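Annotation comment: TrEMBL describes GLY66, THR67, ASN68, GLY69, LYS70, THR71, THR72 as ATP binding site. According to TrEMBL, the feature domain 'Mur ligase C-terminal' maps to 280-401. Annotated meso-2,6-diaminopimelate binding site per TrEMBL: ARG324, ASP348, ASN349, PRO350, ARG351, GLY399, GLU403, in sequence order. The motif 'Meso-diaminopimelate recognition motif' feature in TrEMBL is assigned to 348-351.
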Amino acid sequence: MQLIINNKVYTDNSNEADENSVFVVSKQNEKFKDSAIANGCKEIITANELKNHLDMSSIKVIGITGTNGKTTTAAAIYSILLDLGYKVALQGTRGFFINDERVEDYSLTTPVQLGNFAHIQQAINNACDFFVMEVSSHAIEQKRIEGLEFALKIHTNITRDHLDYHKTIDEYIRVKNSFFEDDSKKLINKDDNVVKYNSTNGFAYSLDEPSTYKVTAYSFKNGTHVMFSHFGKMHSFSSNMMGIFNVYNLMAAVAAVHITTQKPLDEICEALEGFAGVSGRMETVSINPLVIVDFAHTPDGMKEVLQSFPEKEIICVFGAGGDRDKLKRPLMGQIAAMYSKYIIVTSDNPRFEDPDLIIQDILAGIKNHANVQIEINRKEAIKKAIAMANENSVILVLGKGDEATQIIYDKKFPFSDKEEILKHIK
Ligand SMILES: CC(=O)N[C@H]1[C@@H](OP(=O)(O)OP(=O)(O)OC[C@H]2O[C@@H](n3ccc(=O)[nH]c3=O)[C@H](O)[C@@H]2O)O[C@H](CO)[C@@H](O)[C@@H]1O[C@H](C)C(=O)N[C@@H](C)C(=O)N[C@H](CCC(=O)O)C(=O)O
Ligand SMILES: Nc1ncnc2c1ncn2[C@@H]1O[C@H](COP(=O)(O)OP(=O)(O)OP(=O)(O)O)[C@@H](O)[C@H]1O
Ligand SMILES: N[C@H](CCC[C@H](N)C(=O)O)C(=O)O
Ligand SMILES: [Mg+2]
């Protein structure tokens, strides 16, 4: 990866390093430092020193981490700030955006360090006031965010994900909590009892525990309506987004904008009304039959979505990604069986794993297979779900959200849950 600052080339790859470039030594590439020197590189800085080479004083960086809710909360913050008239950049799972323009398609939820600095530089060049970014657990562990000063760090929740990479849940939690160790301003979900954080400059939001931004009531009649108190004063906001988990995401977004702009809360709540949600996150693709696409691909994410339709007969279509955490698969099966009337287990992104074996891992968590179908072809699985729906059904197609491909081995085949659904809606 290369970055040009004041006509000087900065690289994190020894193969690109030479007498004219600066080699930025990170946790990821320190083993290649000698080969950079062997290639003639004379100027070597540490990843943490990079911040002294790019003036970032004109932009406020807001970082969001957590197992689920990062993309949704980041998008809500981005939408509110834009509505309030600020210039904003958004970086995350769905790509890189500047002031409502998609500048780059999906790459990594959190790019490597030089990638983050390149995007921040681009945002500064576009006079952005804010840089809103998702911070993945991989990024924290690999120190991709080294050198970034955060105006606010936000915690959504910590449950489980990426255990294929972090190996144990304790390590995963340790990595996530390490993001909140310093004195930066931070906004913590007080209802999450796993998170540990440095309380200096700490703010909190919650539905149950006492907190700075405390939801006092909410209703889902004709949309979502939320009342919350802030130092005893009552405020409210509404949204067309569904689910209690989105009450958390939206409360976090309102609180984050308040902390970083000091704008009146009622003005921020009004701006939130313009947020239409994130494609592939609780997205209603068809009303009759009711078909919803969602990105839930962890046990907790699935539970939150499945719990949102108590009065419907759920037909749940889902699989699990290959080359990802295997232990979550039976837990996903167990949770789907707890809430669904019918289940169709199918493929997600198998990558280099055998899709049949992934499905077996999921089935291992389901005791009663009476209402369970196996359909390895995701297109067929969606078609079958639509054919079996009635007016009391809700079809939940989970795990891929707005992904535009299905990854088989290392090939990306065009595939969209939404397009497959619309093919079969009369
Ligand atoms: C599993 C994983 O995270 N791998 C990351 C890791 O790969 P790696 O350790 O093999 O890296 P590498 O190719 O050896 O390079 C390491 C460093 O050495 C340097 N290098 C390398 C070779 C050399 O000869 N000289 C040299 O200097 C490279 O420039 C780089 O700086 O380091 C690379 C560079 O820093 C990352 O690009 C790569 O992310 C890969 C592409 C990836 O797919 N990561 C996924 C799993 C990921 O990060 N996902 C998260 C969460 C997704 C989500 O839940 O939404 C994300 O943030 O997207
Ligand atoms: N606050 C939340 N708590 C639990 N589940 C949530 C929450 N917000 C969203 N979800 C569920 O998790 C899924 C992923 O949401 P989102 O894409 O916002 O999370 P993310 O943290 O960006 O995920 P990833 O790390 O995979 O990019 C949603 O589709 C929904 O099912
Ligand atoms: N972008 C994330 C989530 C992918 C979710 C699911 N579609 C899968 O393939 O596991 C990742 O690469 O882990
Ligand atoms: Mg995301």
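Every residue number used here counts from 1 along the chain in the order it is shown.
Quick reminder: no glycine exception, Cβ is built from N, Cα and C everywhere.
Of the residues the record lists as binding meso-2,6-diaminopimelate, namely ARG324, ASP348, ASN349, PRO350, ARG351, GLY399, GLU403, the two whose Cα atoms sit farthest apart are 16 Å from each other.
For ASP348 (meso-2,6-diaminopimelate binding site), the spatially nearest entry among the binding-site residues ASN68, LYS70, THR72 is ASN68, judged by CA separation.
Under a cutoff of 8 A between CB atoms, and with a sequence separation of 6+ in the same chain, the neighbours of ASN349 (meso-2,6-diaminopimelate binding site) are GLY321, GLY322, LYS400, GLU403, GLN406, ILE407, ILE408.
Using a 10 Å Cβ-Cβ cutoff, THR67 (ATP binding site) registers 22 neighbours. Checked against ligand 3, the binding-site residues LYS70, ARG324, ASN349, ARG351, GLY399 give ARG324, ASN349, GLY399 in sequence order as having a Cβ less than 6 Å away from one of its atoms. Annotation note: ARG351 (meso-2,6-diaminopimelate binding site) sits in a strand segment as assigned by DSSP.
A simple way to gauge crowding: the CB of THR71 (ATP binding site) has 23 other CB atoms within 10 angstroms, across all the protein chains here.
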